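**Q** Let me begin by handing over the structure; questions about it come next.
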Amino acid sequence: TTTKTTTTGMSQTVGTNGIATPLPTQSGMVGNCNKFVLVNPGDTCNGVAFFNGPVSTEEFVVWNGGVGGMACTSLQAGTYACIGVTSPVSVTPSPTAVVGANGVATPIPTQAGMVANCNKFVKINPGDTCNGVAFFNGPISTENFVLWNTGVGGMACTNLQAGTFGCIGVIAPATPTASVGPNGVTTPLPIQTGMVTNCKKFVKVNPGDTCNIVAFYNGPISTENFVLWNGGVGGMTCNNLQANTLCVHRGMIADEVCLGRWMR
């Protein structure tokens, strides 16, 4: 059973906040604590918070930084833990923000590998998954969430970091960046590695596309020609198809006629 606050017969010290603080204290306790409870063997963070409320487990974990987070793996029996603080403004203050290169106020800390053109954010909580974050903050796909937050560990989502802000929306460019190739054709960027220099029809490759699919839906061209015109896709195994822009139709060098258009 979790004990209630008591001051009988305990060792005390006066903290920097001027409040008599019983000893020993739980590791990582905040400096503005003004209410304490003795932690007994077998106590849990949930239990201590519940029996000494109104205190949430989240608040208890914030006020006692050494308990091991929400997992509560380091709650120390025989110490005094904090169950109240002086003049709390909020246990979840507005996140500090910076203005990124895209001009958007970005909350920090951000998820590792977040894209620079993000304009919509969500805080990652303990236990969240990439699928869950995408589903509850849609309409976005898990594939897009992973693409916009490259540090999450891919579709396996092994590195999603709780306490950071993930990207759930981006600023889409109005038109694709383009350059004029040696054949005089305006070429969208970025291009597939190994693309032939005399290409004049292009398509944007989306996550999940295959060489067969791109060739079939942008024909009449064969997969063999598609692989020939895009030398870096990895041959007929198509194991290096990149989600970039690439060539679909190779133009005749002698007769430069537009045979295609930019496709999303």
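Keep in mind that glycine also has a Cβ here, set from the backbone N, Cα and C atoms.
TrEMBL does not curate its annotations; it predicts them automatically.
Feature table excerpt (TrEMBL):
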type: REGION; residues: 1-20; note: region 'Disordered'
type: COMPBIAS; residues: 9-20; note: compositional bias 'Polar residues'
type: DOMAIN; residues: 35-83; note: domain 'LysM'
type: DOMAIN; residues: 120-168; note: domain 'LysM'
**Q** Quick one: mean pLDDT on the domain 'LysM' (120-168)?
**A** 90
**Q** Count the residues of the domain 'LysM' (35-83) that DSSP assigns to helix (H, G, I), to strand (E, B) and to coil, and report the three numbers in that order.
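**A** Within the domain 'LysM' (35-83) the tally stands at 20 helix, 9 strand, 20 coil.
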